[in-house]
Amino acid sequence: MAHTSNHLFILLLLISVYGFLGHKKNYVTVFYGIPAWRNATVPLFCATTNRDTWGTVQCLPDNGDYTEISVNITEAFDAWNNTVTEQAVDDVWSLFETSIKPCVKLTPLCVAMRCNNTGTNTTTKPITTPITTTKPSENLLNDTSPCIKNDTCPGIGLENTVDCYFNMTGLRRDEKKQYKDTWYEKDLECNGNSTSTICYMRTCNTSVIQESCDKHYWDSLRFRYCAPPGYALLRCNDTNYSGFMPKCSKVVVSSCTRMMETQTSTWFGFNGTRTENRTYMYWHSKDNRTIISLNKYYNLTMHCRRPGNKTVIPITIMSGLNFHSQPLNTRPRQAWCWFKGNWIEAIREVKETIIKHPRYKGTNNTERIRLVGPSAGSDPEVRHMWTNCRGEFFYCNMTWFLNWVENRTGTTQKNYVTCHIKQIVNTWHKVGKYVYLPPREGTLSCNSSVTSLIANIDVYYDGNDTKTNITMSAEVGELYRLELGDYKLVEITPIGFAPTEIKRYSSTTPRNKRGVMVLGFLGLLAMAGSAMGATSLTLSAQSRTLLAGIVQQQQQLLDVVKRQQELLRLTVWGTKNLQTRVTAIEKYLKDQALLNSWGCAFRQVCHTTVPWPNETLTPDWENMTWQQWEKRVNFLDANITALLEEAQIQQERNMYELQKLNSWDVFGNWFDFTSWMAYIRLGLYVVAGLIVLRIVIYIMQMLARLRKGYRPVFSSPPSYTQQIPIRKHRGQPANEETEDEGGNEGAYRSWPWQIEYAHFLIRQLRNLLIWLYNGCRNLLLKTSQILQPALQPLRLSLAYLQYGISWFQEAIQAATRAARETLANTGRALWKALRRTAEAIIAIPRRIRQGLELALL
């Protein structure tokens, strides 16, 4: 038995030693260049191949290198909650507003005008062709239709214009002058009578209207967005992506988006870059808003024309204020647009795509899905298809077109529509603001490819039937959610923390030799799907590539800002380029400042002396990515950062003290008075300490000598001078001693003055203690006497409260006992009743049998 116990003891001892030696403490290690990121909202900048247009004069030159690298990660994407799409909407609006350049206030034109509703230029009725006499073939145009060239297709009339006269002070403020102006009928509000009509410019009472003072017109621009240095763009490359996907597994990374074109229109999107040989849609995750990309196979196009030979002249009203007017000799014909392509099949495919969408809950019958326009009470930009053609705003009535694509019997079906032109329009980005555009001279024509459809999917119940309306929408911003909704802007966070067993200033660990990896700037995130262990071995090459890419992009931005410094005020891109430059510099300096504050400047792998704060949280170097690890330790970042800064401060303090000691190696420092003062002060402290030590030793020696003699403790001071010393018995001295000799050294010698001084100290200390005791006792007595009246009600209240609590406890206990007894009695009674009922039910067959037996007997 003892032998077994010894074996167990030895085994436990070995296990303890092995555990002590095998357990190694982990320390915080800083890694620079890891493939990790977080969502960002910094400004993007533009790149374009066309540097001739005014809107892109400040964009970076696009070299056509649109590189995308696949990343083995899973990321969430949302086209509506997306900083890329929001920036696109804001920037395009800024370009749109800059192109108009509103600067001349037209508030002085809010005067009463006398307008004609008679005459050759205003009374001509629109040229229309009755539906009954129009052949069906004439309602559908093609490239060979003769009416296209002359703008005489059935249903296209003359534009409703009005000549108005008004009086206003001109260059001479004391004299009024009569002016003549021609207006579109839709831009006036009139009250007519038999003789004349009094009209006002529309929206005079709601807004300050401004007219363009520069001849810029809104032309489409092609450009792409690029991320600032230190940032990247992730894109969901999944064909099933429909505007919202919390886990997209097919992700690519790039530094720029695809090329896109500025679009400002309702109902349809024109000249988009997302068209494919399929129809797909983006659906809002919490709403019925959608944007549908049309199949390019059907070759859908729209051709718009504004006939006429207009001239534009400035009218000087008041001093230095010019207003662009449009005198007309004859009424112009209406603007109109016609649609080419297989629209009927395209809309049928749109309906089938809606049915297949997982969020759709309506009918599966395409005959019950209709393409409709918005309600009649909406704004003109919503009720009509609103677009811009060479500076003129077209408001097109789409009833004929909807009747055609839906094949509505009994209605007018045409593949072209008539459009009205308005110069006072509602803005599409800021509610309630109006702008005024001067018309462009001559005949205008615009040709566009129709690439998308903006709509709301409305499911409703008509009796027992479920129907669906594809209601056309005026959300211009949806066009850019289709163009850029699959992108996501992220900030690369190259600094990461992980626990390792290596402490700072330890010997260098052996590293595996690997081939040099040539990575571009995007190659940093290409390693995002790799394990942490494999990624950490290539941090040197990655960090060098990262820094090189940041420096290169910064240099490009700096060059373009320097070259076009005088044009920064023209467009939004000048400001965004400067913001991007500042953002890049701030990010780089911030990372380097953090590394420097931890003592890890210009290091890819930096070991520290800070212990890892959570020993239970360690990474799986072979199976875990850096992005996954960063999400797990995100809550430790603040704590680790503070610990690293404290450790670095302590190290710098130690280095400072060491350098102060090393400074004595220089001969000249010996003559520095400030250095000597510290040592002089230290010497004074040493002398004072020696004096105090000497006093303590003296007191201890005096007390030791007092213990050798006898004296009554409470005797009076003179008594110890009369004390009879007790001598030790000793024999006759060997030699005769004279009076001058000191006698035997072992004889007792009394020191009366030391004893008297000690007695005096004891008496004073005793008096001091008695005084302190009496003072404290008196203070406590007075305090208790003062607090007694105030504490008495409190004590009484506490007694009442204690009594109430005890009574409440007893009441609860009594109620509990009563409830328990009641429940027990009720349960027993219920159980007896149930048992009797069950016995009665069980006895029924026996009673029946007994009854039958009695009946048979």
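Even glycines carry a Cβ here, placed using N, Cα and C.
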Disulfide-linked residue for CYS204, taking Swiss-Prot as the record, within CYS110, CYS115, CYS147: CYS110
Range annotated as region 'Fusion peptide' in Swiss-Prot, from 11-31, 515-535: 515-535
Residues flagged as region 'V3' in Swiss-Prot, choosing from 271-303, 304-336: 304-336
Residue among CYS115, CYS190, CYS213 that, according to Swiss-Prot, closes a disulfide with CYS164: CYS115
Whichever of CYS337, CYS396, CYS419, CYS446 is disulfide-bonded to CYS389 when Swiss-Prot is consulted: CYS446
Second cysteine of the disulfide that Swiss-Prot assigns to CYS236, among CYS226, CYS248: CYS248
Annotated stretch (region 'MPER', per Swiss-Prot) among the listed ranges 660-681, 748-769, 836-857: 660-681
Rounded distance in angstrom between the Cα atoms of ASN142 (N-linked glycosylation site) and CYS396 (disulfide bond): 19
Cα-proximity to CYS46 (disulfide bond), 10 Å cut-off, over recorded positions CYS226, CYS256, ASN288, CYS419, ASN623: CYS226, CYS256
Assigned element (helix, strand, coil) containing CYS226 (disulfide bond), judged by DSSP: strand
Cα proximity to ASN72 (N-linked glycosylation site), best match among disulfide-bonded residues CYS59, CYS164, CYS256, CYS446: CYS256
Of CYS204, CYS248 (the disulfide-bonded residues), the residue whose Cβ has the fewest other Cβ atoms within 10 Å: CYS204
Rounded inter-Cα distance in Å - CYS110 (disulfide bond), ASN614 (N-linked glycosylation site): 73
Cβ neighbours of CYS46 (disulfide bond) where a neighbour is any other Cβ within 10 Å: 23
